[in-house]
Amino acid sequence: MDLESVIYKNPVKDDSWKHVLVLAYQSLGVVYGDLSTSPLYVYKSTFAEDIEHSDTNEEIFGVLSFVFWTLTLIPLLKYVFIVLRADDNGEGGTFALYSLLCRHARVSLMPNTQLADEDLAQYTMDETVAVDKKNVGSRLKSLLEKHRVFQRVLLVLALIGACMVIGDGVLTPAISVFSAISGLELSMSKEQHKYVEVPVACAILIFLFALQHYGTHRVGCLFAPVVLTWLICISTIGLYNIIHWNPHVYQALSPYYMFKFLKKTQWGGWMSLGGILLCITGSEAMYADLGHFNQLSIQIAFTFLVYPSLILAYMGQAAYLSKHHALESDYRIGFYVSVPVKLRWPVLAIAILQAVVGSQAIITGTFSIIKQCSSLGCFPKVKIVHTSSKIHGQIYIPEINWSLMLLCLAVTIGFRDTKRMGNAAGLAVITVMLVTTCLMSLVIVLCWHKSGWLAICFLLFFGSIEALYFSASLIKFLEGAWVPIALSLIFLIVMYVWHYGTIKKYEFDVQNKVPINWLLGLGPTLGIVRVKGIGLIHTELVAGIPAIFSHFVTNLPAFHQVVIFLCIKSVPVPHVAPRERFLVGRIGPKEYRLYRCIARYGYRDIHKDDMEFEKDLICSIAEFIRSDTSEYGLGLGSFEDDTKMTVVGTSSSNSEGVKMSEDDQDDNSQIEGTSELKEVKSPERVKKRVRFVVPDSPRMDIDTREELLELMEAKEAGMAFIMSHSYVRAKRGSSWIKKVVINYGYDFLRRNSRGPTYALSLPHASTLEVGMIYHV
């Protein structure tokens with residue numbers, strides 16, 4: 001099945017209540033796995049050492065009050081009712097917010113942007129809103145567009161959010177699995193538990209990461225039932241504990257208990273907030289996974305099931321602990337002590353399954369964020385494997401998977417307790433939320449065109465709450481919080497170095513491109529022998545002739561009869577519709593047989609395999625030749641402007657366009673006509689015959705037919721993929737920082753990343769690499 005058709009025929013658009021409820025059920029396994037796991041470790045992390053559980057119950061009630069209001073204000077109010085509305089054509093996440101800002105304020109640092117990109121169906125902008133140059137939004141937009149430093153700050157802010165999500169991908173599986181198996185401590189001695197807990201956790205983690213290669217679609221149908229069973233389990237146990245131990249625990253939901261808690265515990269209470277914030281771990285997934293479901297389904301699932309279940313679970317634990325103060329030898333302030341003894345083993349089994357589901361969600365999210373960063377030119381090219389042909393977004397990145405596993409095992413073995421793991425995970429979670437709050441305040445002004453005061457109120461209200469938790473997490477830098485900072489710093493350096501080197505390389509290409517007059521002076525043969533075949537030259541340029549082409553013409557005795565300059569670029573939208581995939585144009589007159597083809601992809605798009613892509617590419621060129629009626633195509637006017645492009649869709653998206661078929665039959669050249677279609681066939685007898693099936697077109701003249709026949713002959717002869725093997729060096733006179741970044745940092749990343757050859761999966765025999773030195 002063509003995955004592109006899955007994306008654009010996604011039943012998420014169905015607004016029937018039955019379908020919305022089905023999506024709400026399915027979202028449990030994908031979106032809420034991580035958030036639903038938090039009751040396992042919140043109280044245990046909070047009471048680790050900063051505060052003590054006293055007979056007055058002020059501490060436990062204060063913590064419950066903080067948990068209740070944190071869950072109410074951040075996931076429920078901020079995400080469910082506000083942030084989910086800021087979708088980018090149905091997609092969510094940090095890069096969705098950044099993409100929205102890039103389109104509405106033109107702050108994108110991607111170098112190869114074109115005006116034609118703004119005509120994309122998903123490049124939506126609110127043109128109906130009257131522009132007042134004196135309002136806050138217009139002034140802010142002008143400020144961001146004029147000053148490049150603010151554009152860099154915005155990019156770094158988005159990258160910090162992405163890096164912290166990656167850090168969360170290391171920490172969440174570790175703390176979830178470790179906390180799930182901590183129930184074993186109640187059935188064995190402390191000495192035995194110490195030698196069992198870490199090996200069992202590591203074994204489960206290794207098993208979890210080893211399964212990633214197979215994709216989650218095979219067992220994904222089990223995720224929602226597991227989470228639903230877990231939510232029913234913890235809410236039922238919580239309700240039992242409330243009724244059995246302390247029915248008056250509901251009084252602790254009053255904000256007054258937060259004040260009493262801070263007044264009594266003071267410094268220790270403030271530091272314990274780092275454990276309390278773990279109750280909202282996974283809230284960002286509601287927004288990040290928006291593209292897999294829809295706004296209403298996520299709102300229903302959280303508001304009517306997840307939120308009440310979590311509140312009952314935390315209230316039940318608090319009710320139990322309010323009546324149990326004695327610290328026995330095998331006693332722990334945690335989740336399992338509040339579970340009735342007869343249910344502990346079944347609950348332990350469900351908890352382990354729940355931890356695996358929650359970990360799976362964040363691992364998949366990490367793969368997705370890496371792909372988005374790579375698409376926007378902020379991460380080196382990596383191998384991306386699509387594990388499902390039916391479910392969009394199911395990807396696997398081998399290098400990232402095994403790196404996450406090693407880091408996850410290192411955290412588990414190194415920390416060996418939920419306290420330091422919680423400190424680390426808490427900082428990663430709250431940093432992502434702070435980034436979302438900052439970007440969201442800009443979206444309110446620039447994209448929603450709301451009052452600047454509304455944006456400031458949003459920033460101050462939610463930002464102050466998150467800043468309080470952030471400060472409590474940051475103070476525990478030496479107690480585990482350094483881990484997400486270190487990981488994020490490493491990934492941030494990698495991302496920014498790659499982005500900086502990519503931009504400098506593109507600027508060098510632009511400055512050294514070959515003038516069109518030089519090409520026109522060579523004539524149709526280019527001064528060399530033109531042999532059968534297609535030369536596919538990879539370039540980042542969207543206009544102009546790359547310097548690599550002049551190198552070929554001046555140094556090779558022969559070149560292909562058809563030359564296609566191929567540019568694969570990303571645009572700041574989540575998806576590009578197949579009917580808008582290609583921009584095709586000519587370089588020079590018709591008889592030169594030089595074409596430019598720009599393949600456009602969104603940051604969440606699927607890149608096809610080599611055979612499908614090759615077929616779509618050739619069909620797009622053929623469709624352009626058939627329908628080209630511009631002055632360019634007719635041979636009139638000036639050829640100095642090679643930026644005139646035509647939008648051409650993929651062959652599967654254009655039922656009335658040119659189709660291509662290949663078979664092993666040998667026939668002579670003929671034209672078969674019907675009232676609807678006619679076939680133009682190659683005159684050569686070859687092993688692999690190529691045929692173009694084109695709509696009946698009375699305008700097809702002799703030149704157009706000849707050009708199509710020549711394209712078929714070239715396709716039958718074969719394609720060669722030509723690319724430059726670049727060596728980027730800082731030019732003389734550059735600062736030592738730039739020399740280190742370009743000569744060592746970017747060069748190391750370039751040598752260890754996958755180039756376009758791997759991206760297109762072309763055989764090495766069809767690939768020609770030419771070394772070039774870039775002085776940037």
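Glycine is treated like the rest: Cβ placed from N, Cα and C.
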From 245-266, 267-288, 531-552, which range did TrEMBL mark with transmembrane segment?
267-288
Have the transmembrane segment (391-413) and the transmembrane segment (267-288) got at least three CB pairs under 8 Å, pairs 6 or more apart in sequence?
no
Among 153-175, 267-288, 300-320, 345-370, 481-498, which stretch has the highest count of C-beta pairs below 8 Å with the transmembrane segment (195-214)?
345-370
Here the mean pLDDT of the domain 'K+ potassium transporter C-terminal' (533-775) is 74
Take the transmembrane segment (425-446) and find every residue of the same chain, 6 or more past its ends, with a Cβ under 8 Å from one of its Cβ atoms.
45, 74, 78, 82-83, 86, 94, 97-98, 100-101, 104-105, 136-137, 140-141, 154, 157-158, 160-161, 164-165, 167-168, 171-172, 175, 274-275, 277-278, 280-284, 287, 452, 454-456, 458-459, 462-463, 466-467, 469-470, 473-474, 476, 481, 484-485, 488
May I ask which of the stretches 153-175, 345-370, 453-475, 481-498 has the most CB pairs under 8 A with the transmembrane segment (221-243)?
345-370
Top stretch among 153-175, 267-288, 345-370, 481-498 for CB pairs under 8 A with the transmembrane segment (453-475)?
267-288
The transmembrane segment (267-288): which same-chain residues, six or more beyond its ends, come within Cβ distance under 8 Å?
30-39, 41-48, 50-51, 59, 62-63, 66-67, 70-71, 74-75, 79-80, 83-84, 92-94, 96, 165, 172, 261, 298, 302, 310, 314, 358, 361-362, 365, 368-369, 419, 422-423, 425-427, 429-430, 432-433, 436, 468-469, 472-473, 475-476, 481
